[in-house]
Amino acid sequence: MSAVEKVNLWFVDVKWYWLRLTMYYRTLRLLHCTVKAQVHLGAKNLTWNGSVSGLRTEGSVKRWLFSRYQQVRLVQVCHKLATPADKPPDPGSSPPSPDNKKVVVTPDTTNTSTTVHVSATARFKEAVIKVMPRKKERVKFDTSHPSTERNFITAVRSMSEFLLKPVDLEKLRKTKRRSPFENEPPITVYWRRDVEAKAIQVWGSLEALEKERKKREKEIRRYQQNIFNIKKLMREVRRDQRTTPDPLVSPLDSSGRVVWAAVIINGANFIMKLGAWAYTGSHSLFAEALHSLADVTNQLILAYGIHKSKQSADVVHPYGYTSMRYVSSLISGAMIFCVGSGLSIQHGITGLIHPAEVLPLYWAFYILGGSLISEGGTLLMAVHEIRRGAKQQQMSFSEYVLRGQDPSVNVVLLEDMAAVVGVGVAMGCMGLTSFTGSHIPDALGSCLIGGILAGVSGFIIYTNSASLVGKSIPQYRLEKINEELERDVLIRAIYDVKGIDMGTGLVRYKAEVDFDGRELTRGYLDKQDLEALLLEMENIKTLEELEAFMLKHGENIVDSLGAEVDRIETILKKSHPEIRHCDLEIL
């Protein structure tokens, strides 16, 4: 053998050993970086496609270049990894790996005949290495636990409730949501949990934030009290500007008893006063007779209003007839002004211009005394009923009357108060007329009684017209309802909230609600068989089948949204019995 041939043979041996070393190095590196590491990292669907393009994992491709011989050796090593040491290799077996994951090597077993030779390259191309991750439990839809994890909040609420500044909100996550108002651009909202975290960062803790909020509320109340005192000193104070809790309606039967008792007593007083006036000709007594007649008429109207307000809702009046009590009270106020006040003043002026002969007034005093006792009895009944209603609603006596919570009883109370005061005025003026023999005190008494009735009628008209126009419930009650609504897991945010007092303590609540579609879908999926749903999806082959599938489940999800709205409304009405109508509009 020549020297050249020896050198060539030596180079061949060196190349052979070098290739083997390279193959072992790359094989070990491959196994270390892909099989072992990927198992611990939880990769999914680790496969080898049998070409030089490399090893494919979920979402990436690692390129490793191997010769045909190296590929054959890699297949052999993979089979050794997949086969236990104490039993012969079995293509169908796959040992478990750490972290409850398994490495599965699936060679081509379609042809197991001993007469057919399958090359290592073909076996390698059919080999698949799969890493199965541990199955995770999906999050269940749960409405039993309140959650504000995915709620949104506006910048105004962030600054008012969490005492943040605009600069604090600049770096927080924000998104655009549909505006609750018509023809308005989208509004910018923040994630509530981010705002809470920022508030904790700024104030140190939620306790410190609450302490600061109470401190500021005290300062605001102190400022408001100072303003109130100034207005009081200037005699420009307005009635009851502070918010008060919205009460529940007082029983209609109790109001009816008070009204019918007043009708009977005032009817008897009218007959006695009219007879005494016919006997004496006293102008004050005539005014009192007109006053009793106006009271009887008004209280009959009130009784009709109470009866009508009990009528159930129908197609023409879908919200019922509860406002009839305010309508009847408003008519009563107008009647008191026109009949009672107008005629009393007119009769008094006539007595001043055309004086009549003064007759003995002894019988008039007896009749007025009896009227004072009877009117005082109905007044005490009205006071007792109002105190009971105010106690139930945690209000003071004056607040209950000024807010007109029970208009029928309020009218009886004010009429009886005016009657008692009017009887006192009439007795005093008639006494002066009897003592002096002049007709002027008696005529002036009639005018004074007319003025008292005018003041009472003005107050009744004002309070009932405000209720008929539609006034909001106190902010305290509205915020309490909003807070409970926002704690529901399905609701991200609420906008354009309105709480309208429908009369007699009943409330109509309305809000624009931004529902969480993800939680709604999760609740729908909890009621479905996911395995059957997956099988149904796998059987979809055409666009028509896909459309039918989407329409079916889309309709079911919308139906589930309606069911969830009903659930939320039921919860609100149970927690707040004064809510008669609850309108939640999907934003």
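Placement of Cβ uses the backbone N, Cα and C atoms for every residue, glycine included.
Quick look at what TrEMBL lists:
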- 83-112: region 'Disordered' (REGION)
- 103-112: compositional bias 'Low complexity' (COMPBIAS)
- 206-240: coiled coil (COILED)
- 259-469: domain 'Cation efflux protein transmembrane' (DOMAIN)
- 326-349: transmembrane segment (TRANSMEM)
- 361-383: transmembrane segment (TRANSMEM)
- 417-437: transmembrane segment (TRANSMEM)
- 443-462: transmembrane segment (TRANSMEM)
Problem set entry | Other parts of the chain folded back onto the transmembrane segment (361-383), taken as Cβ under 8 Å at six or more residues beyond its ends | 257-258, 261-262, 265-266, 268-269, 272-273, 275-277, 279-280, 282, 285, 288, 292, 409, 412-413, 416-417, 419-420, 423-424, 426-427, 430-431, 433-434
Seminar exercise, completed: When pLDDT is averaged across the coiled coil (206-240), the result is 76
Exercise. Going along the chain, which residues at least six beyond the ends of the transmembrane segment (417-437) come within the CB cut-off of under 8 Å?
Worked result: 266, 282, 284-285, 287-288, 291-292, 295, 358, 360-361, 364-365, 368-369, 371-372, 375-376, 379, 444-446, 448-449, 452-453, 455-456
